[in-house]
Amino acid sequence: MGSMEEKFDEQLLILYASQTGNAMDAAEQLGREAERRGCPSVSVLSIDEFQPIDLPNKEAVIFIVSTTGQGDNPDSMKGFWRFLLQKNLTREWLKGVHYAVFGLGDSSYQKYNFVAKKLDKRLSDLGATAIIERGLGDDQHPSGYEGALDPWMSALWNMLYQKNHKLLPNGPDFVTPDATFIDQPKLQIIYHDIEEGIPPLSKLKYLEMQLERARSMTPGKFSGNDRPDCFLKMTKNHLLSRPDSGKDVRHFEFDAVSSSIDYEVGDVLEVLPGQSPAAVDAFIRRCSLNPESYITVKPRDAENHHFLNPPLSSVKLKSFIELTMDVASASPRRYFFEVMSFFATAEHEKERLQYFASPEGRDDLYQYNQKERRTVLEVLEDFPSVQMPFEWLVQLVPPLKTRAYSISSSHSAHPNQVHLTVSVVSWTTPYKRKRTGLCSSWLASLDPEQRVFIPAWFHKGSLPPPPPSLPLILIGPGTGCAPFHGFVEERALQSKTVSTAPIIFFFGCRSDKDDFLYRDFWLSHSQKNGVLCEDKGGGFYVAFSRDQPQKVYVQHKMREQSMKIWSLLTQGAAVYVAGSADKMPSDVFSVFEEIVSTESGVSREAALRWIRTLEKAGKYHVEAWS
């Protein structure tokens, strides 16, 4: 491998592609570490802020990329990846460019770290030279992705120094004291005596304005639009599962209150959850903040690339926290503990925080923090001597993120309404602490009479709306049935005016009595002339996993209907799979391979190629969530 010094510009460029914030955290950690090691120029950017046409002019580029869904690129990387796939790019295009790739993934998924692997291969194919073998972070590791990141970073500094001494002029082992890097947060906060320029507004308009202002001030933490597509009001909160069954699955209905809504079946609704008022008040007290003050948050460095839009005027401090900072649900990152150690006045707290922030304390921090899902508020309460400036809190507290749910209604059947099917998430930590999902438990707690305004965004999901003439094979165990509830509603409506193709649907749950979601709905559409009725070539097949000694899953029901599935596939049917990302999607895929092989009399390899062709033709869709 040749030297990088001939045309090297001595800047280390770090590009990240993040969906939930982990890759951004890892990239910023790498950037801080490079600065501490004396790298003269470091730039950390989201990959969508970088022009890919400039890549051949860069000498050393580090990519930190996450894999989402079923091996998908994060949204911010889609344009960059499309550019790299252009056919006119030659095998020499990136000659002289040196790169390294670190991926964040979860080895329980079939396409583990798929994005990092394909990026590494494509960069190499285009003539770039790897500085170091790609690193793969795994959520399943006892320390999460950091279990692989720390050793990978150590090796990276050594290899970078070997390639070009000017990048690390003090050598690969030199590290400056932390203090010089911790006294300047990226943000500054300007306090105002009164709110600027606000005429009297309705409750809804005031919320809309506060939300847009708060989100526009927050440093690159939110993808998408600051302004919601609409505000929703809950009109129905109905328990679908049997009380005391151990599961809490709800059917929610919402009306649009701010503007009319438009969506298609298969689309996704993103909801911004409310936070517990008691938790927000406790955080404000713990941090000695004035909830009634008005603030503007601005970048300390005007060149900061995260701020693409100038912040809008001022916002109430309490509203800013409620709408942008996740104080009582998400766990803080390792850097939070490092910064806390700087502001701890009790020596024993300072030592413990420094240990947590060190590579030696990484595993213990993971057990204390991520495994227990310790919240920012709980961490601050565990270290009472720490008084962090609000600037640091705004920078480091995890952002309050929207939660995405598959829409379970047809807009044609329910104009100006949207329905969701939501399982209320709850679990027990290793230390037997009860935890609940922020958004699902908040939605379940809402009373339709309360008239709470819910900010919402509509997005395309992984399930395109099918035309009425397309035969469908649907597999949706548990809440995976949600999008297909909308599909069946829509096709039932279409069948009144046009000829429609058959649908077969495989549903799975634990038992007939406990969690047979939308039982009456499916059975009514399976009756004579219904869109799921067998007379029309359709069918509804349900697997109860716990109602008999041996477990029965959707895969078993699919095998029983092998001939029918093959018949529909030969008629051009599309396959849609939705539900838990655990093992179900890969198990279902495997059964399809088996069916194609058995029914058509070809080998498993030929069956696999047949299904891959189906995928390429846009007729095999998966929407899975963890």
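From the backbone N, Cα and C atoms, a Cβ is placed for every residue, glycine too.
So that you can see what the record holds, here are the features copied from TrEMBL:
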DOMAIN    12-157  domain 'Flavodoxin-like'
BINDING   18-23, 66-69, 104-113, Asp139  FMN binding site
DOMAIN    227-466  domain 'FAD-binding FR-type'
BINDING   Arg373, Arg403, Ala404, Tyr405, Ser406, Gly437, Leu438, Cys439, Ser440, Trp625  FAD binding site
BINDING   Thr479, Ser545, Arg546, Lys551, Val552, Tyr553, Val554, Gln555, Asp587  NADP(+) binding site
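Closest to Val554 (NADP(+) binding site) by Cα-Cα distance, out of the binding-site residues Gly21, Gly69, Arg373, Ala404, is Gly69. Residue pair Leu438 (FAD binding site) / Gly21 (FMN binding site) shows a Cα separation of 17 Å. When the binding-site residues Gly21, Asp106, Val552 are ranked by how far their Cα is from the Cα of Ala404 (FAD binding site), Gly21 comes first. Taking only the Cα positions, the spacing between Ser406 (FAD binding site) and Thr479 (NADP(+) binding site) is 9 angstrom.
Broken down with DSSP, the domain 'Flavodoxin-like' (12-157) shows 58 helix, 35 strand, 53 coil. Gly69 (FMN binding site) and Asp587 (NADP(+) binding site) have their C-alpha atoms 16 Å apart, to the nearest angstrom. Nearest to Asp106 (FMN binding site) in space, judged by Cα atoms and limited to the binding-site residues Arg373, Ser440, Thr479, Arg546, Val552, is Arg373. Taking the Cβ of Leu438 (FAD binding site) as centre and 10 Å as the limit, one finds 21 other Cβ atoms among all the protein chains shown.
A distance of 34 Å separates the Cα atom of Ser66 (FMN binding site) from that of Val552 (NADP(+) binding site). Of all the binding-site residues listed (Asp106, Asp587), Asp106 sits in the most crowded Cβ setting, with the most other Cβ atoms within 10 Å. Those residues noted as binding NADP(+) (Thr479, Ser545, Arg546, Lys551, Val552, Tyr553, Val554, Gln555, Asp587) have their most widely separated CA atoms at a distance of 19 Å.
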